[in-house]
Amino acid sequence: MIGLWAEPGANPACLAGLASRIPADTIADPPANGVYLALTAAGLELRVADMPWQGLRADWLDAGLDRRAREGRRALIARALGLRGKATPRILDATCGLGRDSAHLLRLGCRVTAIERSPVVATLVEDAANRASTAGATWIAGWRGVTVDDAPVRLKDLTASDFDAIYLDPMFGGDRRSALPKRELQMLRQVVGDDPDAGALLKAARATGLRVAMKHHPRSPALARPDHQVRGGRARFDVYLPVSGS
Ligand SMILES: C[S@@+](CC[C@H](N)C(=O)[O-])C[C@H]1O[C@@H](n2cnc3c(N)ncnc32)[C@H](O)[C@@H]1O
């Protein structure tokens, strides 16, 4: 179980709320080694004991996300998910991670529902969404929340009318196309590991009959033959079109 430490001055009610929602041990002092969660005045952070000054937060107010949004629906991810011509597309982000892609899609006017199997990572995402809401970000209105679960379990209950598209971005081993700096990616990997079951996830998503877009490194192999691909310098999106009649 991960340790949860509150910096002096952090809100005690917030700490109690977190401790009741996630499998974490409340600790009086930062641990000597390993990763832990730190509740600070600025938000919740994942930290590594030997470098506590380099915490990892889900930050949905980051200027980089604002810059990304300027590209609008010409962005690769928007093309892969088929957003053009839809006023408020409903997207299921089935591998939410720290939610940077979710936050991008929210800025593009999508309604985003997310799934994340790590309760620790999902809590960082909730913290980011709360901070965006408190800061008055209007795009947060499209956020439908994150559910902690293994995505295929949830995908089984979906029908093709529930969403416009499903977005998949699993953690591939040796991943080089993440937006996260190397050290932060390593920290995230310490909590979630790699996702060797990405093939089963893709299969479950396609079985819903919905459009599916899966993000890859530009040179990594496809997990199944896509209907088409949207290619960029840092990422490639494999697109599986809706299956009619399902
Ligand atoms: C590479 S990260 C996603 C990054 C995210 N797109 C972003 O922009 O921040 C992959 C995440 O997907 C989650 N994940 C992978 N397979 C999953 C599954 N079957 N169900 C739920 N979550 C899954 C992992 O726990 C990890 O947090």
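Yeah, the Cβs are placed from backbone N, Cα and C, and that goes for glycine too.
Curation plays no part in TrEMBL annotations; they are all automatic predictions.
Site annotation for S-adenosyl-L-methionine in TrEMBL covers Arg100, Asp101, Glu116, Arg117, and the matching candidate from Asp29, Asp50, Asp169 is Asp169. According to DSSP, Asp169 (S-adenosyl-L-methionine binding site) is assigned to coil rather than to any helix or strand. When the binding-site residues Arg100, Arg117 are compared by the number of other C-beta atoms lying within 10 angstroms of their own C-beta, Arg117 comes out lowest.
Of all Cβ atoms in the protein chains displayed, 25 besides its own lie within 10 Å of the Cβ of Asp169 (S-adenosyl-L-methionine binding site).
Cβ crowding, taken as the number of other Cβ atoms within 10 Å, peaks at Glu116 among the binding-site residues Asp101, Glu116. Largest Cα to Cα distance within the recorded S-adenosyl-L-methionine binders Arg100, Asp101, Glu116, Arg117, Asp169: about 16 Å as a whole number. According to DSSP, Arg117 (S-adenosyl-L-methionine binding site) is assigned to coil rather than to any helix or strand.
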